[in-house]
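**Student:** What follows is a structure written as structure tokens; I'll ask about it next.
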Amino acid sequence: MKLFEMLKKYRRQLLLTMAVCIFLFIACALKLNQLSAFDQQVYTFVSLAISKTLTPLMRMLTELGGTLGLVLLCAIGALLLMLMKKRVLACLMISNLAITAASNVLLKQLFIRPRPIGYRLIEIDGYSFPSGHSMAAMAFYGYLIYLIWHKLEVKWQKYLFTCLLSLLIVLIMLSRIYLGVHYASDVLAGAAAALAILICFTSCTRKYCLLELNDKKD
């Protein structure tokens, strides 16, 4: 029981440590050129599902983690929060996504990994590591999960929305591999990096977030 209580008490620190370790492990493996076999095996497995029926769905899913899709969703979310007089939450939602996007640009310039060649089902420019879609999806939908857990009181609703949003994040990550524009290591590293940023961001802004969520005006 004490172990469970300790894990619950330090869950943020444990999640942060795990996310950072996963990212550093993948980054080191990339620098040592040790990811080729893993990436190829994952792509070979995912590519078995490629079909004319599934490809349009994957294109749609990938847009939900893209710049246009998330800017639109974030703008709608921020506007709704503003109308609910939750201005601080609106600013935090925008800031979280902006910080993650800026971090992705810096990391891509640091690693300069070319995208996969010969597998692409869509055309795209830029570097591959880490995946910007994975980072953005984890940042935005992960922040929604954070808000849900601190606002909703009914447990089944918490679990339902958490499962649905988590599934969406995973599907967006898979869509990048399916469409041949990212390696598996790119999307895993992107998710880990964004999770670490999200934990740090929510820890630093927790007080302001909870004050807004618990405001009796809503």
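Note: Cβ is positioned from N, Cα and C throughout, glycine not excepted.
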**Student:** TrEMBL lists transmembrane segment for one of the ranges 40-60, 61-81; which is that range?
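**Tutor:** In TrEMBL, residues 61-81 carry the label transmembrane segment.
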**Student:** Who are the long-range neighbours of the transmembrane segment (61-81) in its own chain, taking Cβ under 8 Å and residues 6 or more past its ends?
**Tutor:** 87, 89-91, 93-94, 97, 122, 133-134, 136-137, 140, 144, 168, 171-172, 175-176, 179
**Student:** Counting only CB pairs under 8 A, let me know which of 88-107, 127-147, 187-209 has the most with the transmembrane segment (159-181).
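**Tutor:** Ranked by Cβ pairs under 8 Å, first place goes to 127-147.
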**Student:** Give residue numbers and ranges for long-range contacts of the transmembrane segment (88-107): same chain, 6 or more residues beyond its ends, CB-CB under 8 A.
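**Tutor:** Beyond its ends, the transmembrane segment (88-107) has Cβ neighbours at 70, 74, 77-79, 81-82, 129-130, 132, 135-136, 138-140, 143, 147, 190, 193-194, 197-198, 201, 205, 208-209, 211-213.
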**Student:** Across the domain 'Phosphatidic acid phosphatase type 2/haloperoxidase' (90-202), what are the DSSP residue counts per state (helix, strand, coil)?
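**Tutor:** Result for the domain 'Phosphatidic acid phosphatase type 2/haloperoxidase' (90-202), in helix, strand, coil order: 85 helix, 0 strand, 28 coil.
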